[in-house]
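K.L.:
Pasting a structure here, questions to come.
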Amino acid sequence: MDANAILQVVLFCAIILGLTPLLGGYMARVFSGERVLLSVVFGPLERGLYRLSGVRPKEEQHWAAYALSMLVFNLAGLLGLYLILRVQGWLPLNPAGLGAVAPDLAFNTAVSFVTNTNWQAYGGESTLSYFSQMVGLTVQNFVSAATGIAVLVALIRGFARRSARTLGNFWVDLTRTVLYLLLPLAFVTALVLVWQGAPQTLGDYVQAAPLEGGSQVIALGPVASQEAIKQLGSNGGGFFSVNSAHPFENPTPLSNLIEMVLLLAVAAGLTNTFGRMVGDTRQGWALFAAMSLMFVVGLGVTLWQESAANPAMVVAGIEAGGGNMEGKEVRLGVANSAIWAVATTAASNGSVNAMHDSFMPLAGMVPMINMMLGEVIFGGVGAGLYGMLIFVMVTVFIAGLMVGRTPEYLGKKIEAREMKLAVISLLVPPLCILGFGAVALTWPQAAASVQDPGPHGLTEALYAYVSGTANNGSAFAGFAANVFPHNLMIGLAMLIGRFLVILPVLAIAGSLGAKKIVPVSAGTFPTHGGLFIGLLVGVIVVVGGLTYFPVLALGPILEQLMLRSGSLF
């Protein structure tokens, strides 16, 4: 790893650190109902939307009503997107004349975008029309991200309020997230991407004459607008099959830096929002520090592995002074590819600017571990922080047991009900990953979709189900996902991995909101210092990581050992 790579890492981390309090403070004002600068522009539109839809913005909801509103809204989005994909051939803005999407793929895709996963078992430019991309996918990119943030805000209110029966209004939180946060930032980002060279057009595909003769069809479309919210909302689904490795999605070094920053900006800012809304910014910075520590360690391992040559190439006498460049854009290099890979899986985004399948075994394991930990290292917008707060409750529970006190966090007692719900949310991901993956691979058609033998083939299949369950969406590209068993099983894993985690979180929020705040005493465990940060990271690694150690030992760890010994498969 050279000085240039170190400089890129430092610059990226410095930008995220600088944006965290700025975005965090702004979002705290938005979700507290305060007027902000954009209220002049969006205030009348917000009030008009409430009147049109019959929403009473001052009327708050019990956690169960909040959850029901969230489920109904997402079910409507799922059915609407599925219908768009199935009748695509009859809809406008389809210059390539693409037909209807197959039922199983349409189900998988609809679930993917509604759950903020953006798993893509298809090639965007060869499967979906402009209408499907804009009205179907891009709309869900906004509202699925807003759903995650709304759930987080409800949980924060549960910690901040005392003896309260309500958590806010889902429809208000959803609307304010889209209008005051996602839409303005996405609009500005889209303009910057157009300036940098990303297409934004409804015109036909272009016929080109390459130098080697013949003809070539160059796909275009409204790329910049989808790219902006794809990065900002931790969505990740690319307009093109190769995602942000495509020069139309990611044209320049500046666009690459902007898109990398967007991967973590909102998720990092929400830690500061949390601290402000509970009345103690130190709590937010403690969570930010824990996330940053795990992020930097993972990034260090990835850069170390990718900066060195592949041992198999060294044995063969092939010069690889630039590191492991397989599957990477030469214009971006190892450092940018490594930062993006770690950030996109830390952030539940899933977009890529390099092929994770071509990473060295241990480097490819880092993104997978980021997802296996529940994507709490910043995580998806909203989803990452409420996942982290589940681990926080487990941590203070363990700390309370060690000193013989009832666990507390922010003055709220963490009792049996909260712990049972927390354990449910922690058990859902491994059950989906290992269970659905094992069941799917009993089908010969599904097993045949794994294109590589040996431990790497196991890693490809495992990565797919980890990515789907964790609502990430990235993939090891040697895995042929568009077959019925995987479309069905990954679709179910995405649904369960999203909503069977959200529901316990909202139940916890309701339970905490109804409690009184216990005064701080001499025996209260401080949750803003280095001891707590270290204990929290330890709990995440032990509880989240050791669950998967056996299958990791059979996959990337075994592959690394074989590679170092000179054994190929």
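Every residue number used here counts from 1 along the chain in the order it is shown.
Glycine is no exception: its Cβ is also placed from the backbone N, Cα and C atoms.
Below are the features listed in Swiss-Prot for this protein:
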type	residues	note
TRANSMEM	5-25	transmembrane segment
TRANSMEM	65-85	transmembrane segment
TRANSMEM	87-107	transmembrane segment
TRANSMEM	136-156	transmembrane segment
TRANSMEM	178-198	transmembrane segment
TRANSMEM	254-274	transmembrane segment
TRANSMEM	284-304	transmembrane segment
TRANSMEM	383-403	transmembrane segment
TRANSMEM	421-441	transmembrane segment
TRANSMEM	461-481	transmembrane segment
TRANSMEM	488-508	transmembrane segment
TRANSMEM	531-551	transmembrane segment
K.L.:
In the same chain, which residue numbers or ranges, 6 or more beyond the ends of the transmembrane segment (87-107), come under 8 angstroms Cβ to Cβ?
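P.N.:
Distal contacts: 121-122, 126-132, 134, 202-205, 219, 482, 484, 487-488, 491.
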K.L.:
May I ask which of the stretches 254-274, 383-403, 421-441 has the most CB pairs under 8 A with the transmembrane segment (531-551)?
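P.N.:
Of the candidates 254-274, 383-403, 421-441, 383-403 scores highest.
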K.L.:
Cβ pairs under 8 Å only, please: of the recorded stretches 178-198, 254-274, 383-403, 461-481, which one is richest in them relative to the transmembrane segment (421-441)?
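P.N.:
It is 461-481 that shares the most Cβ pairs under 8 Å with the transmembrane segment (421-441).
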K.L.:
Can you name the far-off residues of the same chain, 6+ from the ends of the transmembrane segment (136-156), with a Cβ under 8 Å from a Cβ of it?
P.N.:
31, 63, 66, 70, 73-74, 77, 80-81, 84-85, 113-116, 118, 128, 167-168, 170, 173-174, 177-178, 181-183, 186, 222, 225-226, 229-230, 232-235, 237, 266, 270, 273-274, 277-278, 380-383, 385-386, 389, 502, 505-506, 508-509, 512
K.L.:
Any contact between the transmembrane segment (5-25) and the transmembrane segment (254-274), i.e. 3 or more CB pairs below 8 Å with pairs at least 6 residues apart?
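P.N.:
The answer is yes, given that the two segments have at least 3 Cβ pairs within the 8 Å cut-off.
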K.L.:
With an 8 Å cut-off on Cβ pairs and a sequence gap of 6 or more, do the transmembrane segment (254-274) and the transmembrane segment (284-304) reach 3 or more such pairs?
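P.N.:
Per Cβ check, the transmembrane segment (254-274) touches the transmembrane segment (284-304).
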